[in-house]
Amino acid sequence: MNSPIEKLTRQLGYQFQDDELLNLALTHRSANSKHNERLEFLGDSILSFVIADELYHRFPKVNEGDMSRMRATLVRGNTLAELGREFGLGDYLKLGPGELKSGGFRRDSILADAVEAIIGAVYLDSDLEVVRGIVLNWYASRLEAIKPGVSQKDPKTRLQEFLQGRRKPLPVYTVTNIKGEAHNQEFTVECDIAGMDKPVVGRGTSRRKAEQAAAELALEQLTNG
């Protein structure tokens, strides 16, 4: 293996017996007719099973509805994309010229798909018990943080419900700045809430993410203040 891939395998916590499986997992359909979508399909199912099995045993008294909500939070695209960024996957993806130009290596959907493809590749390179250990290691902090009965709703929804429950006006979100090129922008959003001294500022790679970041900070201030 060359040095960059060795760095990635250290991040993943797994040394492949068949390097070609990892190469395939990192190959987007825009780059080659042999790409990672079949591995992604396999990895998606394995991830769902491993997380469901872990939640079932970790929370023996929790009902199906809560477990489903927790699993959905853990396996959704933005969680997988966060994992991909933690591994630095964008530096290793094989993309076609169009995707490279448009910043595909930063796109949540491409990063999430690659994480699922790597899970599928690890399974084919080893077995279910090995891939279970790898996935649970990746998810250790998230599994510790997630709680049954706690709303898995996004911050904007939780903030809206918090304010409605106290008969307060809904927040007003305003984009105050956008910087960077079209495929690599940073949005700054102010969240104005009646009764707060000043707006709460959030930033993100899209307007939605910046609004969610601002809502999360506003919730922290409202609940801790």
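Using the three backbone atoms N, Cα and C, a Cβ is placed for every residue, glycine included.
What you see is a predicted model, and the numbers here were worked out from it, not measured in a lab.
Residues or ranges marked as domain 'RNase III' in Swiss-Prot: 5-127.
Taken residue by residue with DSSP, Glu40 (Mg(2+) binding site) is part of a helix. Feature annotation from Swiss-Prot assigns Mg(2+) binding site to Glu40, Asp113, Glu116.
Sequence-distant neighbours of Asp44 (active site) (same chain, six or more apart, CB under 8 Å from its CB) are Val75, Glu116, Ile119, Gly120, listed in sequence order. Residues or ranges marked as active site by Swiss-Prot: Asp44 (among others).
Of all Cβ atoms in the shown protein chains, 26 besides its own fall within 10 Å of the Cβ of Glu116 (Mg(2+) binding site). Per Swiss-Prot, active site is recorded for Glu116 (among others).
Positions annotated as domain 'DRBM' by Swiss-Prot: 154-224.
A count of other CB atoms within 10 A of each Cβ picks out Asp113 as the most crowded of the binding-site residues Glu40, Asp113. In the three-state DSSP reading, Asp113 (Mg(2+) binding site) counts as helix.
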